[in-house]
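Per Swiss-Prot, the features are as follows:
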DOMAIN    44-206  domain 'Helicase ATP-binding'
BINDING   ALA56, ASP57, ASP58, MET59, GLY60, LEU61, GLY62, LYS63, THR64  ATP binding site
MOTIF     157-160  motif 'DEAH box'
DOMAIN    344-501  domain 'Helicase C-terminal'
Amino acid sequence: MDNYKLQLQEFFDQAPDNDDPNFEHQTPNLLAHQKKGIQWMINREKNGRPNGGVLADDMGLGKTLSVLMLIAKNNSLQLKTLIVCPLSLINHWVTENKKHDLNFNILKYYKSLDADTVEHYHIVVTTYDVLLAHFKLIKQNKQSSLFSTRWHRVVLDEAHIIKNCKTGVHNAACALTATNRWCITGTPIHNKHWDMYSMINFLQCRPFNNPRVWKMLNKNNDSTNRIKSIIKKIVLKRDKSEISSNIPKHTVEYVHVNFNEEEKTLYDKLKCESEEAYVKAVAARENENALSRLQQMQHVLWLILKLRQICCHPYLAMHGKNILETNDCFKMDYMSSKCKRVLDLVDDILNTSNDKIILVSQWVEYLKIFENFFKQKNIATLMYTGQLKVEDRILAETTFNDAANTQHRILLLSIKCGGVGLNLIGGNHIVMLEPHWNPQIELQAQDRISRMGQTKNTYVYKMLNVEDNSIEKYIKQRQDKKIAFVNTVFEETLLNYEDIKKFFNL
């Protein structure tokens, strides 16, 4: 316990910030919030316990440039930085380096890498997949320069990717050797406090990186306030409204949809089937083996997925074909209630402005349904999904953002691709075609249009089936609770070192 007490005291008694008075003049082209953020990062590396932290500004506020300017404060070849990011973001780091004339030697690392190669670069940028592959190599006692190099700084971009501390990619990130460690993410917490623990573990934030200590902090009453007192020390999070009153207005509205008679019959019957399957799965807990119980619960989850898809278009839930006498609604060209509402909304925007629109879904097949509808109306669209090669995604992004290109005013976006570093400020309307269980993933997609450089007011339309027994209504209720929890965690708190020490009976 004495060791914990010492670590607690070191964490809370960190040296005060000591800003460089000349920094303002050295960085005239940065915005005020970026200058403040970089000063905070410099102080964390000098005096922080741990050395580093979490830069969690809203998406679109220039976190990439802030990190590059931090590196520029001391760009010696001996003080190397490793940046780990999704594959789609590697070129973004290189582009930002060129755009701001920083002249770093940047190595984009995909394949083999040796120590001699690393010596010639200020920055090595690699992917989470490559990091994990090399982690497996060292577990087999093979060589990897990613892990044999002592980095001056390791930066995890889109760091929420390691939020599950039981995964290999989390363990790989924690195994890197570095003097300073940084997590960059606009959404550090998605669902629960343990999302934050994964970053605290990577940062080596003692004593809280000990899972037993973190578990104790999450016990009993006031756990959120205890977590907040720690987060306040190591996380810098600003939202767009704090940064500037001049940012374009951002409007979010729900667009309600009801079933037609045919869709409602299909949905109600499948919901009854789902309820029966759930009752059967619960009963199996006592009477059948573990494998059988697991299979039955997986079937229930599959049926819930089909309910969600029927709320969008019956074609996505072909399982229901044997429920109705007619199969017309299962055809791809069937105009579902939600599709009609979306198309009316899009037509209105196209006909009353020169704005561009993004349609977002979890299902590529749903996007293809809309692609087909727009083709029938002679409206050109762009597609951006994980099925595209990286160069094709870049082309779609560039084409959509080109103000001179008035032919392609609609982009069909897979939500899995829409949350990671993508810049779509060429558009200013986003239609979320269905709710996602994780509201943070929705927010990431929405921020593709609401970010630095956007000059127009932005609009988000959330399509929601509002039938009494709608699975979409239930998902929205869950979303509201999760968002309220995340907001609570990042509010100000009055707890301090003495409060935490008392909690541990130190």
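From the backbone N, Cα and C atoms, a Cβ is placed for every residue, glycine too.
Same-chain neighbours of the motif 'DEAH box' (157-160): 54, 64, 83-86, 89, 93, 183-185, 187-188, 190, 195, 199, 202, 420-421, 440, counting only residues six or more beyond its ends whose CB sits under 8 Å from a CB of the stretch. For the recorded ATP site, residues ALA56, ASP57, ASP58, MET59, GLY60, LEU61, GLY62, LYS63, THR64 set the reference point as the centre of their Cβ atoms, and the other residues of that chain within 8 Å of it by Cβ are LEU55, GLY186, ARG451, MET452. Around GLY62 (ATP binding site), the same-chain residues at least 6 positions away in sequence with a Cβ under 8 Å from its Cβ are LEU31, GLN34, MET452. Model confidence over the domain 'Helicase C-terminal' (344-501) stands at 87, taken as the mean pLDDT rounded to a whole number. For ASP58 (ATP binding site), the count of additional Cβ atoms within 10 Å of its Cβ stands at 20 [all protein chains shown]. A C-beta separation below 8 Å, combined with a sequence spacing of at least six in one chain, links ALA56 (ATP binding site) to CYS183, THR185, GLY186, THR187, PRO188, VAL235, LEU236, LYS237.
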